[in-house]
Amino acid sequence: KSSKREWKPLEDHSCTDVPWLLLFILFCIGMGFICGFSIATGAAARLLSGYDSYGNICGQKNVKVEGIVNSGLDLTHKKYVFFLDPCNIDLVHQKIKSIALCVSACPRTELKTLADVQKFAETNGSTLCSYELQPTEYTTDPRAAKLCPKYPVPESAPIPFFHRCAPVNISCYAKFAEALITFVSDSSVLHRLISGVMTSKEIIMGLCLLSLVLSMILMVIIRYISRVLVWILTILVVLGSLGGTGVLWWLYAKQRLSADALETQIAKDNLQALLIYAIAATVFTVILFLIMLIMRKRVALTIALFHVAGKVFIHLPLLVFQPFWTFFVLILFWTYWIAVLLFLGTTGSPVPNEEGFVEFQMAGPLKYMWWYHVVGLIWISEFILACQQMTVAGAVVTYYFTREKRNLPFTPILASVNRLVCYHLGTVAKGSFIITLVKIPRMILMYIHTQLKGKENACARCMLKACICCLWCLEKCLTYLNQNAYTATAINSTNFCTSAKDAFVILVENALRVAAINTVGDFMLFLGKVLIVCSTGLAGIMLLNYQRDYTIWVLPLIIVCLFAFLVAHCFLSIYEMVVDVLFLCFAIDTKYNDGSPGREFYMDKVLMEFVENSRKSMKEAGRGGGAEGRELKPM
């Protein structure tokens, strides 16, 4: 049974969920304490300036570490960290298995022998062998084989701001990536993939920019052609999928019939990739046609909702740029989080290891700061995303429940941000914490499943996957409910639990329409994402096809398509959010108002026409006993 409490849109503003705001502030203070602790213990200096295997920080005087021979040196003039074997990477312990030294300069040319290393030390004053060897002993002392760098010493350059000598040649990183990607049996394949990315980096950047432009254009087009948008998207996706599939088969046939198609290994790889792409595109096109055939009867309701949402974007154009601000804030936070994570990796007290070198380890309760830091990553990231949802909901609610649109605030987005900061940060903190509580167990189960891969029995593997799937479904349901709870909070200024209950009641009363919107509407937006990905991928195929003779373009095309989908998702998710907020406002309006004096509708003329058309459809379907009339009955 629905709640009897009256909805009073935008009439009262009060602070909501203040205890949760205080808890969130205390949690953020704890995050700041971790950052301050890692800097105060010298981790920042070790991270930025670098340190050698003996615990000495490069570029400064050091304190003697008990039990370590080469510690406590004055390395004021040696500001760069140099690894004797920089490509020897231990993936298990996530570190470079090599002696690290502080040197005056990185070798800017390849040194092929110990004589070249000795000449480099005499010329540049930078000793690349261990501290106990003098440059004159490089070619005569038998210890040089262990205490000098593995030759040939690759050309290297210092990493900006971090004072580490890193190899310039990409092959070293290719070997590292090869170790990470265990399914690559032929190392030459990975080398060609990486070289293909490096050769096509200008095209990749241009295509990524193209996907951004296409997403912006689609958002602008939605504002003006929302009535025919669904049909336009449907036709374009049909043509795009057919065209992309046809082009792939045409390119495959053309290269297969060409005389020099199988002369080089790169040409063979490209031909095989074209065949795989063509088959995948064909299967995708067939599945897409079947889904569109099933969904065709529910397009009318989606068209009306898209038209209203398009009108919202006309009045609130700054909504288009909302993903930029959210992404910018997330990038700032993630940069801070990674920096503190690196600080934590170098903090602690110096402890000699089995090999006689120094490692920095934390003891006692401080070693659990990692877990606190990881929880902070999830909670604060969800908090930032929830702030975006509350901002969009507040702006759309302001638009909907303002009877005279000329009385709207100058910038409803800024007005929504102001209400969020002044009244509703606690509600956002509580909602994001609930998502965090579900996300953390799912991530732990995924980690356990990864660690036990190949070791557990079939029953345990099935149970783990079932739990992960259930938690994922619960997370998606709670995210949708949270978004509607933020809308209810923006309308009535109630706390999170009350808003979630009220929004849930409204959604249950309109369950059929919610299902229609979340299937047809989301599918139409998915078609928009597919259109952007297909357009960017088609442009990528045509551009990269000119480089098929000297570069392999499988990985560049995958990178471009993934980036295009990510950009399209960020922009069209705002449109989806606006549709969901409008639907909840519309459902509340039609439930508590009937157009009579004193209970006038808040909706504008476009929505009034939609109501009248729905009533007519309901009456006609009611006389005919049609199923669609029963579906529109909640109107």
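The backbone N, Cα and C atoms fix where each Cβ goes, and this holds for glycine too.
Annotated transmembrane segment per TrEMBL: 20-45, 203-222, 228-253, 274-294, 300-320, 327-348, 368-401, 523-544, 550-572, in sequence order.
In this chain, the transmembrane segment (274-294) does not touch the transmembrane segment (368-401); fewer than three CB pairs sit within less than 8 A of each other, excluding pairs fewer than 6 residues apart. The highest tally of CB pairs under 8 A with the transmembrane segment (203-222), across 20-45, 228-253, 274-294, 327-348, 523-544, is held by 523-544. The stretch from 20-45, 274-294, 523-544 with the most CB pairs below 8 A to the transmembrane segment (228-253) is 523-544.
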